[in-house]
């Protein structure tokens, strides 16, 4: 969860720094920086774009890990922190390799400008910072795109697989587990599946629209800006899911915003322990420290 949160923060930060307009043209991809990164030139703007894609790709890689970890702790003992760190680091190395490929796939900015001036003479980008990739001039571009797109299908296959395994296990072992434990696992899986579904709303649609625009099935200049606008909703939506489902965060935000906290939160009366909040389930007549609402 923490690695995915960090990826979301990095991706959101780079999105704000870069604020890009993407102009696809035959074999080229031109990136026009409209954000603060433009003050530092095309190289810094391109690097900001690379970091954003790197964080996004690592976030996707971590989705199966989140679901797989939840299933692992149901059927086996809790893994050591060292093993978890090593696994996250191994996944990050895969994302880092893709990051390096994308950095070295950059095409000279002057070449991209000249290419656009020939193929889209109606565009005047003289006063803008432009960077980009050309699939023929920089063959690594094709490899980089393939490394981002192709893993998406197996990633979501694994997400669905572990999601079903967890629900199957909980259904078969309901009698052997505390009601609060079963509820906590189900709520966590619900939060994870909602977070894993967010790209279906805010990432895949702009990519699809962009692809149709690149292939000239649709031809609206606003699409060059729309990719960024739609994508920028994701870094904002993802933390909202966490703030809603995770009880300590939910209550902390309510206190911060001055929203009255009812004594009874979904049948749970909050008490204060010396170390952590404890909740009294008025229906079950027992104490609990459930982490999820």
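Any Cβ shown, glycine's included, is placed from N, Cα and C.
According to TrEMBL, the feature transmembrane segment maps to residues 192-213, out of the candidate ranges 192-213, 258-279. TrEMBL lists transmembrane segment at one of the ranges 28-49, 116-137, namely 28-49.
Annotated range for transmembrane segment in TrEMBL, selecting from 140-163, 164-187: 140-163.
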